[in-house]
Structures are given as structure tokens and as C-alpha cells.
Amino acid sequence: MAEPALSIRGLTKVYGNGFHALKGIDLDVEQGDFFALLGPNGAGKSTTLGVVCSLVQKTAGQVSIFGIDIDRDFARAKYHLGVVPQEFNFNQFEKVLDIVLAQAGYYGMPRREALPRAEQLLKDLGLWDKRNGSARMLSGGMKRRLMIARALMHRPRLLILDEPTAGVDIELRRSMWEYMRRINREEGTTIILTTHYLEEAESLCRNVAIINHGEIVRNTSVRGLLAELDTETFLLDLAHPVDQAPHVEGFEVHKVEEAQLAVVVHRGQRLNDVFTALGEQGIEVVSMRNRANRLEEMFVSMVEQGNNERPKVEQAEVGK
Amino acid sequence: MSATQVAIALWTLVVKEIKRFTRIWPQTLLPPSITMAMYFIIFGSLIGSRIGQMDGFSYMDFIVPGLIMMAVITNSYSNVASSFFSNKFQRSVEEMMVSPMPNWVILSGFVLGGMARGLGVGLIVTLVSLFFTRISVAHPLLTIGVVVLTAALFSIGGFINALLANKFDDVSIVPTFVLTPLTYLGGVFYSISLLPTFWQNASLLNPILYMVNVFRHGFLGVSDIPVGWALAAIVAFIIVLFTVALWMLERGKGIRS
């Protein structure tokens, strides 16, 4: 069986101020996977990826990239790794082409190989026309694409994308998704993604890990996670306003606006029963949509559950 | 990395550093040239003509090597300090950290970039001095050797400063409060034989005095101090500081959390 693209065992990070950012996490990402690492702010996502990229020093634990232990041969492991960080981390005063060529040089790629590679990537990502301009003149979306081009220069087998579409408009986000899908599908590049847009994870990723308070709270397939979702909330837009939420036997119905209802549907319940009951009361439904992204509902419930349980644990420890 | 890959990585970094300071030449190359021209005009021509001879040479001839060395020292140091700190500040240092480039290559790349600026400015100052005097070099190899070693030493110093710096102010503290006084008191404008004995001895604790004197010896063939010892001290300082800088880089001091 092929080595995982990324294997993490017992990864622990305690910062100098005593903050326990990672509490011995275990994680495997298989080769060719499109993997989402999700979690609220401060959960430990960026610390985990920082250790993998050598930007953060781990306190304990083991990390292997395609079977190469980073403690034994980090340089060789780094050849397989491409990183697109959350914040812009290039010299804003350099030319776009110089930035990607310098990155190739750091990996020891000769200029005769780097130039055509840079041309291909900058064309694919719509930056070729900007190649001789200063990076600071690029828009936010272009800067993100520049970091993707830079990360792909040395043909990494594992690409880490930390919030790659943050602040990017919807149209551009969709085109970036398509590009990421393409390199995952056609070039077999393993992709690990952190994102706050859970729609992004649901749309792109096959597997997901949710991290909270420095611990992995779930690690499963996106499909499996969604199958566990017990309830979904639908928003119904009505043809006419209603005074109060109607009673529908067996369903939880709330009035959201004058002409909008929210209906909570549990697994096994039939949405058709809601329409029938509303029709009998003379309420006409014009359109319907999910109130939130399904994965988002699952994520919020897990994080909230984790947060609710946390004080109990701390109290128990204090009581010892 | 193979030797070829290491060479490509090092070359990439050095070229990038040279491009950086040539791109902003009005900030990096022009000011020292103008400042030094002022020194030549005011101290060399106007005041120097009234001073007479120093160690058997005209005052202008005496200060030329010191002023060249002063330019090399300040520019080598400040180039690496500001460039590496700027990389830290903009987080573009992460480009290097995530790459397989060994730390010694990162350090050497910045040091060679600093040396390129220091020596480049030194060359410009030398050319400017030709408008005011005729330069003759008594020991060419020694002259080149000591200026290259000095540029290397202060480039490494600038790198350590940048690693330790947390804000831009930290980058200017050492050049302003340490390097400038040591340079002015390092025999650039006078021979320490003019000083009372106590201050002569105190001056011997100033490392820049040795570099200026060896460089002057290369030009004029005269020196206040033993040349061999001075060269050995510069080489020893380079080895120690390079080791310290590399150790700090390996530990991720100032760049890894």
C-alpha cells in the first residue's frame, strides 16, 4: 500500500506563552486525496500546517511526507510540498515573474526549465499579462493566484492551501475551484485545504478532519459526515405574508420574516407532508432553499458541542 | 539538494539581493556617493589643505582609504539588516523556509548580497575620490582581501541584527549607536598616534580601527597596528559570527514560532 501523502502522529505544540495549540493529534491524508482541514479560528489548523511546512517548530510528535520523516530528511520532504499560505507572503515590490522564478531557483530548478513552467502556470492562472508588473499592483484575487502559481512551480505532489479563496469574489472563487479540481484530477496532486467557506469543502473535498481546541474531533469522508446529519433547515418563501408560524404536525416551524418560514426536517421525515399541511391552511409556497450549507450545520453543531463540553472538563480538573 | 541545485539556489538568492538594491539605487547607491563626495570636498580639500600631512601623506590621501572602508562597512551591514528584516516583515522569508534550501545557503546568499552592495558602494566612492586625488595602491592583494573580508564580516553582523530585530527601529539602532561612533573613532580621519596614550590604548579595543588600518596599509603602505594580527582577527570574527548566525537560523530564532 502506498505511503500516505501526509502522516501525523502525536503532534503536539506548546507555544512559549504556555498555550497548548496542538494536543497530540493523529492524521493521515492519502495520496491523491482532496482533503479539508476545518475548525474555528484558533483551533490549531494553521499550527498543524505550519509544522508540516517548517514554519512552526513542533514540541513533540512525528510528521512524514510521502513516508519521509521531516526530522530525518526535511529537505527531501520539502521537495514534495507546495504551500499557499493564508496571508500574502511575497515581496510586494518584486515583479510577478521574478517571484515565481525565484521560488523555482530555491528548489534548484534551472532557469531553462523554470521559464516555460512559469509561463504555463501564469497563463493558466490568468497572470501572464501581469508578469512584468510589480506584485503590489495586483488585485487581492490575483495575489492569491500568484501564490498558487508560485507554490506549483516545482511540481509538488502535496499542495497545502490555507484559506486560498479568502476575500476572493464568487466568480473567481469558482474558477479557482475548477483549477484545483483539475490539478487534483489530472496531475494527481494531493491537496489539503483549510477554509471558512464550508461550501468550498463540501464541493471540493472527499475527506475531512475537524479540529477544535487542538484536537481532531472528527476525521471521515465528507459524504459520511453529511450522512450523519440528522436535521436540515429549509427556508420557504411564501406568496403572502402570515401573522404567525402555522402549526404543522410533527415539524418545527418558525416565522423568519413576514412571508418566510423556516422548517426543521428530521431524518426520515417527508418534506411533502409540510407542503400538504401548508396547502390545507391556504399557505402558498413560492420557493424553497436550505437555510445554511449542510456541512456548516454539522460543523457548527460539533464545535458548539465541543465548546459546551469544555468547561465541564476544566471544572473536573480543577476539582481534583 | 545536489551541488548543482545548491549552486542554483545560492545564485538565485544573490541575484535577487543585487536586483533589490539596484532597483532602489536612489536609496542605496546614490546617498553614500554624495555623502562621501562631501567628505572629500570639506575634509579633504577645504580643511585638509590647512591640516598638512598625516603619517607622511597629504590629508586627502590619508582619509581616502578610511572613507572607502567606512562606506563598505555601513552599506554591507545595512543592506543585509534591512533586506532580511524586510523579508521577515513581509513574511517573504517563508518562501525560503518552506524550500529545501539549506540554512547555510540562505545565510550565504544574504551575506554575498550585502558584500555586493558594500563593495559596489566602495568602488563608487573610490571612483569619486579620483576627482580629488590620485590613488596609488601599495599592496593590491592585501587591499582587496581586507575589504572583501570586512564586507563579509559586517554583512553577517547585519544578518544577526535582522534576525534579532522585531521592528524597523531595531534595525537602525546598531548602525546609529554602535557602528557610526566606532567608525568615526576608528582612525578614518586621524592617526591614533595623535591621541594621548590612554586613548591610543582605548582605540585598540575598537575592531574597526584594525580594518581601516590594514586597508590603509594596502593603499599607502603605513599602518598604526600589526597587519598580520589584524587580518587574523577579522577572519576569526567572520568564523565566529557566521557560526552564531547559522545556529540562530537553525534554531529559527526570530523567524519560527
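All residue numbers here begin at 1 and follow the chain in the order shown.
Note: Cβ is positioned from N, Cα and C throughout, glycine not excepted.
Annotated domain 'ABC transmembrane type-2' per TrEMBL: B:23-252, in sequence order.
Annotation source TrEMBL lists transmembrane segment at B:29-47 (among others).
Taken from TrEMBL, the feature transmembrane segment applies to B:59-78 (among others).
The annotation transmembrane segment is assigned in TrEMBL to B:104-132 (among others).
Among residues of the same chain six or more beyond the transmembrane segment (B:144-165), those with a C-beta under 8 A of the stretch's C-beta atoms are 68-69, 72-73, 76-85, 88, 107, 110-115, 118-119, 122, 171, 174, 179, 211, 214-215, 218, 230-231, 234-235, 237-238, 241-242, 244-245, 248-249, 253-255. The transmembrane segment feature in TrEMBL is assigned to B:144-165 (among others).
Tertiary neighbourhood of the transmembrane segment (B:171-192): same-chain residues 43, 54-55, 62-63, 66-67, 69-70, 73-74, 77-78, 81-82, 85, 154, 157, 161-162, 165, 199-200, 203-204, 206-209, 211-213, 216, 224, selected by CB-CB distance under 8 Å and a gap of 6+ residues from either end. TrEMBL lists B:171-192 (among others) with the feature transmembrane segment.
Look at TrEMBL and you will find B:228-249 (among others) tagged as transmembrane segment.
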Cβ contacts under 8 Å made by the transmembrane segment (B:29-47) with residues that lie 6+ beyond its boundaries
21-22, 59-60, 63-64, 67, 71, 74-75, 117, 120-121, 124-125, 128-129, 131-133, 189
So which residues does the transmembrane segment (B:59-78) touch in its own chain, when a touch means Cβ under 8 Å and the partner is 6 or more beyond its ends?
28, 32, 36, 39-40, 43-45, 47-49, 51-53, 114-115, 117-122, 124-126, 129, 132-133, 135, 147, 150-152, 154-155, 157-158, 161, 171, 174-175, 179-180, 183, 186-189, 191, 208, 211-212, 215-216, 218-220
